[in-house]
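Asker: The structure is given below, and queries will be raised subsequently.
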Amino acid sequence: MRIDCLPALQDNYIFLLVDVEQRQAAVVDPAEAEPVLAALQAEGLTLTAILNTHHHGDHVGGNRRLLRQFPEAAVSASAVDRDRIPGQTVLLEAGDRLQICGQTAEVLFVPGHTRGHIAYYFPEVAEGNPRGALFCGDTLFAGGCGRLFEGTPAQMLDSLQQLRSLPDDTAIYCAHEYTLNNLRFALTVEPDNFDLQQRYQAVAIARQQGQATIPSRLDIEKATNPFLRWDQAALQAAVSSQDPVQTLARLRSRKDQF
C-alpha cells in the first residue's frame, strides 16, 4: 500500500492509499474532492473507500462529489457520527477492522476533539513505509493535539494514551500542517527540551523550503509533543500540576490562548 499526501484548502492534508497492483485506492478525510479526483485520474485508479475520522467539514467536504464519481465506494466513519457524515455506509466501533488496499486497518475510538472521533491504525504497510501507520485526524497533531470542541480533558487523555502506546516507529498522519506553531507553543512549556529545540529548527527550515512535516513518527512525538508528555516532571512543573487530566487540561487551555 502506497500512501500519498495531497495538500488541500489552507493547511489540510488528504491521504490517498493506493493498491498499485489492483489499481484501486482509498482516501482518508477528503477535505475537498478535486485533489483526489486529479490524483485518481492521473493513475487510472478506482476509488473503493472513503475513511472519515470525524464529521468536521474540512474532513468530509469532498465526500458527496467523490461519491457522484464513484457511487460504489464505501464510506466508513464512527457509529456515533451516523447522522453527521455525508454518504456514510459503514458504522464503525472501537476494535473493528477493515480491509483497505490489501492491508488491515484497526479502528481506535479517540474522542475529545469531537465525541465521535476515530483513528485508523495500520499495523503493517507496504515495503518502503514505516512498520505501522496511524491516520489520526485532529486528535494528535505533529507537536500538538486537537481542540476540545465536544469532549473533555479526561476523554482526550484516554485517547492520547491509546495512541502513545502504539509502536515507536508508527508513522503519524495527522490532517493539518500545524507543526511549526505547535512547536513554538511547546517551547514555552519545555524550553530546555533539547530534542524539542532541534526539532523546531529542523521544522522551521523545512517550512521555509515549502516542505511538508507530515508524516511524523511516534517516538519523535513522545520526545517533543507536550500533549504526549503529561507525566514528565518539567512539563508538570510548567503547569503546576501532577494530575494527568489537569495537566492536559491546563496545557490545552494555554494552547487555546497562544
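Note that Cβ sites are derived from N, Cα and C of the backbone, with glycine treated the same way.
Below, the features straight out of Swiss-Prot:
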type: BINDING; residues: His54, His56, His113, Asp138; note: Zn(2+) 1 binding site
type: BINDING; residues: Asp58, His59, Asp138, His176; note: Zn(2+) 2 binding site
Asker: What kind of secondary structure is His59 (Zn(2+) 2 binding site) part of, going by DSSP in three states?
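Answerer: DSSP assigns His59 (Zn(2+) 2 binding site) to helix.
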Asker: Could you state the CA-to-CA distance between His113 (Zn(2+) 1 binding site) and His59 (Zn(2+) 2 binding site) to the nearest Å?
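Answerer: For His113 (Zn(2+) 1 binding site) versus His59 (Zn(2+) 2 binding site), the Cα atoms are 13 Å apart.
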Asker: Pull out the binding-site residues from the set His54, His56, Asp138 whose C-alpha sits within 10 Å of the C-alpha of His176 (Zn(2+) 2 binding site).
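Answerer: Cα filter at 10 Å returns Asp138.
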Asker: Excluding His54, His56, His113, Asp138, which residues of the same chain place their Cβ within 8 Å of the centroid of the Cβ atoms of the recorded Zn(2+) 1 site?
Answerer: Thr53, His55, His59, Thr114, His117, Gly137, Thr139, Gly146, Phe149, Ala175
Asker: Taking the centroid of the Cβ atoms of Asp58, His59, Asp138, His176 as the Zn(2+) 2 site, which other residues of that chain lie with their Cβ within 8 Å of it, listed in sequence order?
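Answerer: Residues close to the Zn(2+) 2 site, other than Asp58, His59, Asp138, His176: Asn12, Asp29, Ala31, Thr53, His54, His56, Gly137, Ala175.
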